[in-house]
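Participant: So TrEMBL says this about it:
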- 536-550: compositional bias 'Basic and acidic residues' (COMPBIAS)
- 558-574: compositional bias 'Basic and acidic residues' (COMPBIAS)
- 35-135: domain 'Ig-like' (DOMAIN)
- 142-226: domain 'Ig-like' (DOMAIN)
- 250-337: domain 'Ig-like' (DOMAIN)
- 354-421: domain 'Ig-like' (DOMAIN)
- 535-584: region 'Disordered' (REGION)
- 431-454: transmembrane segment (TRANSMEM)
Amino acid sequence: MFVSERECKECGKSWKYLFARYTLSEQNIKNTFLPTVNSVSCLCSVCAERHVAVLTLQPNWTQIFIGETVTMRCDIQGGGDSDWNYRWYKNSQLVIPFNTKTEYRISPVYMSNSGSYTCEGVKGNKFSKTSEAVQLKVSGKPKAVLSVSPQWLNPGDSVALNCEVDKTSTAWRFSWYRTVPYRAGLPSLSDKSYSLQPLSENVTSEDSYTLIPAGPTHTGGYVCRAGRGDPVYDTHYSEPQFLWSGDLQPSVFLRISPNTTQHFRSKSLSLSCELKGNSTGWRLMRYTERGVESGCVSNWGSITGSTCTIRSTYTWHSGVYWCESGSGEYSNAVNITVDAGNVILESPVHPLTEGDSVTLRCKYRTTSSNIKADFYKDGVLIKNETTGEMTIPAVSKSDEGFYTCKYPDKGESPESWMTVRAVAPGSSTPVLVGVVVGLVVAGVLLVILLVLLWRFKNAKGSCFNRILLHPQTQSTNQDPQQDQGSTQGQAPDAVYTRLQHGGGHVYDTINPSDNYNNDASVGPSHLTYAQIQLTKLDKKNNEKPADPKESPVYSEVKTGKATKDQSQEEEKQPHLRQIQSILN
């Protein structure tokens with residue numbers, strides 16, 4: 001036992017020692033003793049200048065999760081870095097009596113490693129002061145939590161994905177994924193309901209990810225995961241969260257019958273995936289309080305072709321339903337509510353567009369006829385004591401909101417959200433431009449048609465007036481055959497401008513049209529000839545032409561298909577070809 005304390009010169013002036021009377025029963029001091037002086041030993045066990053041990057935890061996180069790696073480091077302040085050995089204590093119990101390294105590494109850490117840790121240094125016969133305690137708290141492996149806002153797609157808007165881990169933990173980096181039907185070889189959820197495709201190759205330190213702008217191709221499921229440390233320690237994947245659209249999609253759409261969002265319990269409900277394109281592998285999906293389920297399984301319906309029929313609805317059938325293809329395409333989604341009460345509101349399944357007409361109907365379970373009901377929008381009465389229906393002739397964006405109806409003394413329906421799509425400012429411009437362009441084109445075509453008709457009429461009425469006048473030496477009193485033959489040596493455009501008198505027959509050569517083709521082989525299939533018979537003028541009346549009424553001129557016109565001889569003759573005289581067009 002300790003009896004006194006005094007200066008011990010044998011050990012050095014800078015040390016203070018405790019003296020104890022040495023007995024076998026009290027031999028509990030393990031330090032080296034100095035030589036005995038009068039049966040009193042001088043113990044070098046207490047030093048006024050002892051070094052201090054400092055324990056640190058790396059990484060310095062307040063929350064450590066099972067599976068991570070932790071390292072404890074014991075530093076001796078002012079004692080240098082060499083020649084020290086280290087002792088490690090957990091909850092004041094020695095766990096490592098001798099270690100030459102300054103670090104104590106636990107990998108992986110388990111919940112059983114939780115506790116209060118201390119350390120001290122040993123250097124020969126010197127001992128450092130024991131470090132302050134460091135608390136190690138180990139928790140179960142965390143699971144990331146994902147939220148999507150908004151969850152129903154508004155075209156053109158931004159959609160924010162937010163990922164969160166235990167709020168007391170820090171230093172996380174985040175990865176973002178989109179769900180696809182299960183495929184071997186891809187990262188997948190534990191239940192293999194979906195495989196995962198990264199949205200980005202980069203891991204972000206931000207706990208949010210934004211889809212800008214969101215469109216129909218963004219509908220689907222999303223998952224996030226967080227990781228930290230080196231080597232990287234990952235959390236569990238989050239539960240998938242979905243971005244839905246109520247708008248009809250080009251590949252497939254979901255049709256439900258009865259066509260309303262609210263349904264009474266114990267009624268039949270049919271859902272059909274109706275294909276529009278060439279996509280295959282479509283399956284019906286639903287998201288309820290129990291999570292996401294695929295297919296029309298036996299515990300909630302039966303399938304015939306592409307139609308799933310729920311024979312008797314229950315409240316747990318409430319949820320969001322959609323169709324999903326084998327390539328990850330999504331149809332429109334429908335939020336279905338099955339209510340155990342006596343009143344439901346029949347409202348549109350799909351979003352409306354400004355200007356559409358809509359009728360809301362309040363239904364009572366045991367009454368098929370309409371009875372008086374009150375209608376509410378966002379909790380405010382908008383129409384009371386109606387016949388059970390409320391019609392909005394032309395909806396606007398201000399009509400969007402939650403609607404309910406109430407039968408006095410009978411109950412109130414659940415809320416139903418009615419979506420109204422605003423008409424984009426420039427959406428009517430293409431239609432207007434199309435109408436204007438169509439009118440302009442029609443006007444131009446009409447003008448062209450009128451000009452062509454006018455030219456055709458003018459050409460037909462003045463055909464004979466387009467004969468060119470060229471003075472020629474003309475032959476009279478010739479035999480018709482000789483006269484015809486005399487033209488063979490003339491140019492095709494020879495013109496005789498006046499009927500010559502004096503012979504029994506007079507012929508007039510008609511100028512070919514402007515569009516005359518010198519190719520004589522191309523001619524009409526028949527020709528028309530005119531033979532004009534004139535009487536000779538009386539010498540007495542030679543100075544004054546006879547009155548047409550008194551001395552008329554007769555013409556005999558013969559029509560018919562040209563003979564071979566006539567065709568040959570026409571080849572020699574191509575200008576006669578124009579007679580047909582003139583007479584027609």
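Keep in mind that glycine also has a Cβ here, set from the backbone N, Cα and C atoms.
Computed from a predicted structure; not experimentally measured.
For the listed features, I'd like the structural context: burial, neighbours, distances.
Facilitator: Broken down with DSSP, the domain 'Ig-like' (35-135) shows 3 helix, 53 strand, 45 coil.
For the domain 'Ig-like' (142-226), residue counts in helix, strand and coil come to 3 helix, 40 strand, 42 coil, using DSSP.
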Participant: Sort the residues of the domain 'Ig-like' (250-337) into helix, strand and coil with DSSP and give the three counts.
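Facilitator: Counts, helix then strand then coil: 3 helix, 44 strand, 41 coil.
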Participant: Count up the helix, strand and coil residues in the domain 'Ig-like' (354-421) according to DSSP, in that order.
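Facilitator: So the domain 'Ig-like' (354-421) is made up of 3 helix, 38 strand, 27 coil.
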